[in-house]
Structure formats: structure tokens, C-alpha cells
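Structure, as C-alpha cells:
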Amino acid sequence: MTGHSAQWKLFKFLKVLLFSVIFSITVLFLVATVRTFTFEADAGLRLGKWENTTAISLHLSPQQRKNLLANFKAAIQIPTVSFTETNVNTSALREFDALLKKVFPKIFSSSLVQHELVGIYSHLFRIPGSEPHLEPYMLLAHIDVVPADEADGWDAPPFSAQEINGFIYGRGTIDNKQSGILQALEYLLERGHTPRRSFYIGLGHDEEVNGLYGAANIVKLLKSQGVKLQYVLDEGLAVLDGVISGLDGPAALIGISEKGQATVKLSVSSAPGHSSMPPRESSIGILASAVKRLEENPMPRLFGYGPERGTFEHLAHKFGLPLRFIMSNLWLFSPLLSRVLERKPDTNAFVRTTTAVTMFNSGVKINIIPSNAEAFVNFRIHSAQTLQEVRGHLTVSDERVKVELVNGFDPLPISSYDEQAFGFQIIKKTVQGMFPQLTVAPGICVGNTDSRHYKDITQDIYRFAPSWFKPGDPQRFHGVNERISIQNYEEIVLFYFQLIQNNDIKKLPTLRKQHWMLWSL
């Protein structure tokens, strides 16, 4: 009888446990389902009443469009290449300086615009507003480009600015001579515009080699003048059309942070010898094994702990099922999604600090066993990690391998992107005013820009230009056949033309409480 009673109690316990599990799963499923069909992040300000500031529209005559294109081609044809921090094409930079003065006469003759050269070749412009109490903002771009060799397979010489099927080919067409900032300002000055809010424009000449003489010196000058900025907008992310699998329609990603970076040197020293009498392990073999261990043991998954979560949540409503269900409920599915994303190199960058062995050097002669071998490893640090934490995780499990940090820096702070983030919402409003079909979302830059130097004079740094990328286009960045469509270049100029005017509002519209509650469910 006692045994039967114990079995009955066990049965009742399992029954209650099973019911509890089923009930919990049902509740979770219902909560996730409701969230899937009601969740849309950061839509609230569409419902607010914006102050009207865009008083000047841009209509270009056929001749003006012809001149615009000719000026852009002339900029691409100047090979402002940066090779290293101490090796830049200074003659090309001087030629580019002369081109700016030629094609933007209003800017360089206006009593409103204050201009000075910084670090010899970089440019700083200040445009004072009519209401100096409004905090200024700053627009950034850079003049220099990375090297390009026609022999790599270009369809047109990389500094020819050749037009093919409506596209301009050339190094700098998407990084970053297409920025259009000065052209937009020139058009505004021609139309008699005086801004309400002061702003700055900075053009660095050495961004591709860390910006230590350009952007860094511009920031040093601004800090000495006590300048504090409402926000900074630099290059970075773009419009992605068909690039994100499963997304319904194109999306504009505004970079709100950048990954950090570390370069680590691994080296092994051993006695040299003749290849006819090799040791059991050579310096190359020891180092190769250490490198293999690094690649086989990636940094931990951190998906969901950085700004990448905001990216997917903002885009969730544009995915079909079942992806929409997953993206809308990252509080539940982050571990699952991170395992899916890590399978591809381009999405693995969202998941963790990436490890890339970029250089391996050893040996001087085919029959000599080298005494030294060295490798360089580049880490792009996830926003949820620090440089120090990466160093702590780095282990090669072999005391014969010397590990040295060459250089590095932490990930950039995450800029605000909520309903009251002035810079983010102004950029978003400008994008959606031009391209109503776009979904706008925050994003993370896996590369680095000049804007990282500005973190001491502003809390909010954004990285975006409406360059339009279709499948295959991201690979043109620093690659072969870099190009931009003529239409897209004109759109970028128009974007800055409208952005400058949109910045003249005194403050963002107030979001009514019921709307805030609706979109935060």
C-alpha cells in the first residue's frame, strides 16, 4: 500500500510538472506571438509634428547636372592615395585643394564661411548660424583613398572616372569623394541660405591611414576653442537593397558605434639550420600551430549584448515569418540566432570579436631553416568587450610563442538612437523624406572612420551616407570596380542639402505619451 501511495504521489508531481511546463511554453509562445505582430521599434516620431525648416528646394538644370558630374569626375581623377601614415600623395592633395577652390567659388568667397587648413592638407570649415545658442553639429568626409591597380581586374582604369552604363567607375566613388557635403553647401549659398544652427565641415586627408595628422589635429584645434558638438555625422554604413536575406525592401543602416581594434604580433625564435637536417619542430611549424589554435578557438559569442540587437529589432517587422517571429523576440532567441549568424563571415562580425591572421613572415632561402617566424593578427573588438578583455582571452598555449600588442583601442561608445536622439532622428527624417520606402535602423560599423577621433567633443557620432548598395556592391569597397551610379551621386548631394536645413529645428517634436506606449509594447 505504501509503495502504491508513493507511486501515486510521484505521478501527481510529474503531472503538475508537465502541466507547468506546457503552461509556461504556451504563455511564452503567446507573448512572443503578440510581440511579433505589434512590435516596431522607434516609429513614434513619425506621429509627432515637426517644425518646418526645409524652405529651399533643389532643382538642377541640365547644365548644372552636367557641371555637377564633371566636378565629381575631376575629383575621382586625382589619385589622392594614402599608402602609410607617413607616405601620402602630397602633390595630389595639393591638386585636390586647388580643385576645391575652383569648383566651390561661393564657399571660398563667402563672408559667412570660415575656412582653414589643418595638418597642411586637411580642411576645416565653420558656418556660423543666426542663433548661436543652438549647439552646433559637424559633417565629416575624407579626401584620401586606398591604392588601386588596374591589373587587379578593373573594367576601367581606377582613376579615370569612366562612365559605363550610368555608373562612374573609380577609386573614391563610394569611399569617400561622393560625400557631396561641400556641393550641397555651395548650392545653399547660391540660393542665399543662412543656417539657424551653426555647423562645421571637416575633410581629413589621411583617414585611410588612421587620420593621425588630419582628423586628430582638427579635433585638437576644436578642443582648444572649447567646441562641443550636438552630434557628428561621418561616412560608414549605407542603404542596403537586397543585401540582407529575407528583408522585405531596402534598409538604411545608421552606424551608432564602431568596433574596436587590436593588432597582435606572434613570434617564435629558434636556432637556424640546414634544410637537410631539420629539427622535429621548426619556428614556422610552432607558429603555424599557434595560429591554427587561434582560428579554431574564436572569441566568445556576444550577440545581443551590443548595438546589433537594435539593428535586428528595428528591421524585424520587415521580415516574413518565421524570421519576423525570431527577430521580434531576441530576448528569447538571441542564442539561436547567434549560432546561425556565426556560420558566415559577413554576419559572424555581428556575433563576436573577430580574429583575422593577416600577415605571416619567415624564411630567406629555400634550403635554410629560419630562426625567426612572425605573424600579425587583427582583432575587431565587439562592442560588449574591451581591448583588455580581448588580451585576457588571447592564449596560444605555447610558451615558445611570444605575444605582443602592437596597437589597439576599445570599441567606440554607443551613440543614442531613441526618440529623443537629435542627430539620429534628423538623419532618419532626412532619409525617409527622400526615400519613403526605406526602413531605417541603427547599425554597427565593423571598420573604423575618422569620427572615432571626435568622441571627446560629442556624445553622439553617426556613420552614414545614402550610397545605395545592391548584392555584390559591398565587395567593391576597397576592392575592384568601385563605382557609383550618377543618380545615386545626385541623391547624396540632395541628402546633405536637405539635412543641413533639417538641422535648423530648435528641438525634436514632443512624443505624446500614448504613442510612446504604443510603440514600446
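Here the Cβ of each residue, glycine as well, is placed from N, Cα and C on the backbone.
Note that the structure is predicted; figures quoted are calculated from it, not measured.
The active site annotation in TrEMBL covers Asp144. Annotation source TrEMBL lists active site, proton acceptor at Glu207. What TrEMBL lists as Zn(2+) 2 binding site is His142, Asp175, Asp234. Look at TrEMBL and you will find Asp175, Glu208, His478 tagged as Zn(2+) 1 binding site. Per TrEMBL, the feature domain 'Peptidase M20 dimerisation' maps to 256-392. According to TrEMBL, the feature transmembrane segment maps to 12-32.
Put simply, Asp234 (Zn(2+) 2 binding site) is 14 Å from Glu208 (Zn(2+) 1 binding site) when counted between their Cα atoms. Taking Cβ-Cβ distances under 8 Å and a sequence separation of 6 or more, the neighbours of Asp234 (Zn(2+) 2 binding site) in its chain are Leu140, Ala141, Thr449, Asp450, Ser451, Ile461, Tyr462, Arg463. For Glu208 (Zn(2+) 1 binding site), the count of additional Cβ atoms within 10 Å of its Cβ stands at 24 [all protein chains shown]. Under a cutoff of 8 A between CB atoms, and with a sequence separation of 6+ in the same chain, the neighbours of His478 (Zn(2+) 1 binding site) are Val146, Asp175. When Cβ atoms from all protein chains are considered, those within 10 Å of the residue listed as 'active site' total 29, not counting its own. Within 8 Å of the Cβ centroid of the Zn(2+) 1 site, not counting the listed residues Asp175, Glu208, His478, the chain contributes Val145, Val146, Asn176, Phe477. In this structure, the CA atom of Asp144 (active site) is 7 Å away from the CA atom of the residue listed as 'active site, proton acceptor'. Assigned with DSSP, the residues of the domain 'Peptidase M20 dimerisation' (256-392) fall into helix, strand and coil as follows: 55 helix, 37 strand, 45 coil. Cβ environment of Glu207 (active site, proton acceptor): Ser82, His142, Asp144, Asn176, Gly214, Ala215, Thr449, Asp450 lie under 8 Å away, each six or more residues apart in the same chain. For Asp175 (Zn(2+) 2 binding site), the Cβ neighbour count at a 10 Å cut-off comes to 23, with all displayed protein chains included. The average pLDDT the prediction assigns to the domain 'Peptidase M20 dimerisation' (256-392) is 94.
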